[in-house]
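Student: Quick paste from Swiss-Prot:
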type: DISULFID; residues: 48-121; note: disulfide bond
type: LIPID; residues: 22; note: N-palmitoyl cysteine
type: LIPID; residues: 22; note: S-diacylglycerol cysteine
type: SIGNAL; residues: 1-21; note: signal peptide
type: SITE; residues: 85; note: site 'Directly involved in lysozyme active site inhibition'
type: SITE; residues: 99; note: site 'Directly involved in lysozyme active site inhibition'
């Protein structure tokens, strides 16, 4: 009688069930808003012109992206919008535009030709 292969299969099934439960538990713990989960969260610190810095937390899911940062101590939640190039986030009066490792923050209440609120922001490791 061959009980070893059956026992090995039973162990494999138990292991897969455990891994599946762990993955489901991780997805359930991922931050989210109204049922939209963001399994990919990363923080990036930028060094900008004038010695200014900006810390941004990016929340990514397959269909939704958001960025959270603070301006004058107040949190800004910006969501991704259509962009011809790079990633563009808009929240409140601010627009955060990134391309590669560089970003620019604009205050949309200022004139269109006004200097950015933060310019030449470079991601720091």
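Cβ atoms are placed via backbone N, Cα and C, with glycine included.
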Student: Which is it, of 48, 121: the one of these disulfide-bonded residues whose Cβ has the most other Cβ atoms within 10 Å?
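Tutor: Of the disulfide-bonded residues 48, 121, the most buried by Cβ count within 10 Å is 121.
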Student: Please state whether DSSP places residue 99 (site 'Directly involved in lysozyme active site inhibition') in a helix, a strand or coil.
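Tutor: It is in a strand.
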Student: Work out how many Å separate residue 99 (site 'Directly involved in lysozyme active site inhibition') and residue 121 (disulfide bond) at their Cα atoms, rounded off.
Tutor: 10
Student: So what sits near residue 85 (site 'Directly involved in lysozyme active site inhibition') in its own chain, CB-to-CB under 8 Å and at least six residues off in sequence?
Tutor: 99
Student: Neighbour count, 10 Å Cβ-Cβ cut-off, for residue 99 (site 'Directly involved in lysozyme active site inhibition'): what number do you get?
Tutor: 12
Student: What three-state secondary structure does DSSP assign to residue 121 (disulfide bond)?
Tutor: strand
Student: If you run the three-state DSSP split on residue 85 (site 'Directly involved in lysozyme active site inhibition'), which class comes out?
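Tutor: In three-state terms, residue 85 (site 'Directly involved in lysozyme active site inhibition') counts as coil.
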